[in-house]
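Chemist: According to Swiss-Prot, the protein carries these features:
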{"type": "REGION", "residues": "1-97", "note": "region 'Head'"}
{"type": "DOMAIN", "residues": "97-408", "note": "domain 'IF rod'"}
{"type": "REGION", "residues": "98-132", "note": "region 'Coil 1A'"}
{"type": "REGION", "residues": "133-143", "note": "region 'Linker 1'"}
{"type": "REGION", "residues": "144-244", "note": "region 'Coil 1B'"}
{"type": "REGION", "residues": "245-260", "note": "region 'Linker 12'"}
{"type": "REGION", "residues": "261-404", "note": "region 'Coil 2'"}
{"type": "SITE", "residues": "LEU316", "note": "site 'Stutter'"}
{"type": "REGION", "residues": "405-455", "note": "region 'Tail'"}
Amino acid sequence: MASKCLKASFSSGSLKSPGKAGGGSTRVSNMYSSSSCKLPSPSRGARSFSVCSAGLGRGNYRVSSCLPALCLPTGGFATSYGTGGGWFGEGILTGNEKETMQSLNDRLASYLEKVRQLEQENASLESRIREWCEQQVPYMCPDYQSYFRTMEELQKKTLCSKAENARLVVQIDNAKLAADDFRTKYETEVSLRQLVEADINGLRRILDDLTLCKADLEAQVESLKEELLCLKKNHEEEVNSLRCQLGDRLNVEVDAAPPVDLNRVLDEMRCQYETLVENNRRDAEDWYDTQTEELNQQVVSSSEQLQSCQSDIIELRRTVNSLEIELQAQQSMRDALDSTLAETEGRYSSQLAQMQCMIGNVESQLGEIRADLERQNQEYQVLLDVRARLECEINTYRGLLESEDSKLPCNPCAPDYSSSKSCLPCLPAVSCSTGAARTTCSPRPVCVPCPGGRF
């Protein structure tokens, strides 16, 4: 922050004196330009003090100072003494003071050069840091939007493929269920056919048994008929033989029981046997009918039980198939979720690794920046020490200048010159603060050396 101070510029055009080289008229002009006086901040500010001397020959002797520590008109003070013919006699300052001022000026120039060099290095470091940050920005913040869009499209395609696969799996499972239903129906029909065939075979065996019984009964009837015929034949033979025997005898009528009618007896026996056969046949038919009814009832009950069991089995199979389908769907969903979880973990692990790398890079950069800040703080402390020393030297300079100004005569060329008179000093200087009033130096004559070398 540049400080604005009162400036007093004393420019000397030419001093004319007879008999001297480059003689001419002597002209002194004073110019005062005032502005506000502002104290700079402790951290920065323009502080310069330089002495340039061209020796005793032709040239200029200029003393410039900028002392923002005090609210003096010499905050930007420039005084020049110029003569067309050069200086006559000795200079204002002695040899030791000139050497001291020259050494101070050299040290100040070296300090300023060092400060300028440090500022240039700081600017170069800032530019390098800025360039490095600009170069590192693409690596620190890469653009993954295209990859994310591609991943989203692939995920959508994968989800569509998974949905299509699940639909096909459901269709296949439905076809398997239909095939299982048809298989169970076929097996049921086959079992019913086998049961009917077994019943038919059983009834055939019963029919064969009944046929055998009928054949036995018919054989018994035939044997009984043959026996009856034999008995009839024997009876006729006996009757004939008896008649033949009775024909030769007398006819003796004997009051006896009436003779037995064999035909009637045979008819009665025949009727008895026929009734017995009919009863046996009826009993066999009744037994067969009862057995058949019982078997039919058992078959019906067993078929009903079988149908109920088969329906229960079909329902259980459907339930099992639906549970298997649901289990497969849950397993496929679990596999999809596991794959999605693995992909998400891999993606986030890669992003975490990238973030950790970025954090490591940023931490390393932060460490470098902190090291640079520490170094700059150290340099700043060194510069503060240098500034303090420069302020001390500037105060020393100011004391020397004030002592020299007090030694200079007000008008050495005047006839009523008195060595006791001196230049009027400036008003008391007060430090520039917020509450203090600012004061300016009153105009005073410029002290220049006389042409005759009186001073």
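Every residue, even glycine, has its Cβ placed from backbone N, Cα and C.
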Chemist: Counting only residues 6+ apart in the same chain, whose Cβ is under 8 Å from the Cβ of LEU316 (site 'Stutter')?
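Modeler: In sequence order there is nothing to list, since no residue at least 6 apart has its Cβ under 8 Å from LEU316 (site 'Stutter').
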Chemist: Can you tell me the mean pLDDT for the region 'Coil 1A' (98-132)?
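Modeler: For the region 'Coil 1A' (98-132), the model's average pLDDT rounds to 88.
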Chemist: Just give the helix, strand and coil counts over the region 'Coil 2' (261-404), going by DSSP.
Modeler: 143 helix, 0 strand, 1 coil
Chemist: Report the DSSP secondary-structure composition of the region 'Coil 1B' (144-244) as helix, strand and coil residue counts.
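Modeler: Looking at the region 'Coil 1B' (144-244) with DSSP, the answer is 100 helix, 0 strand, 1 coil.
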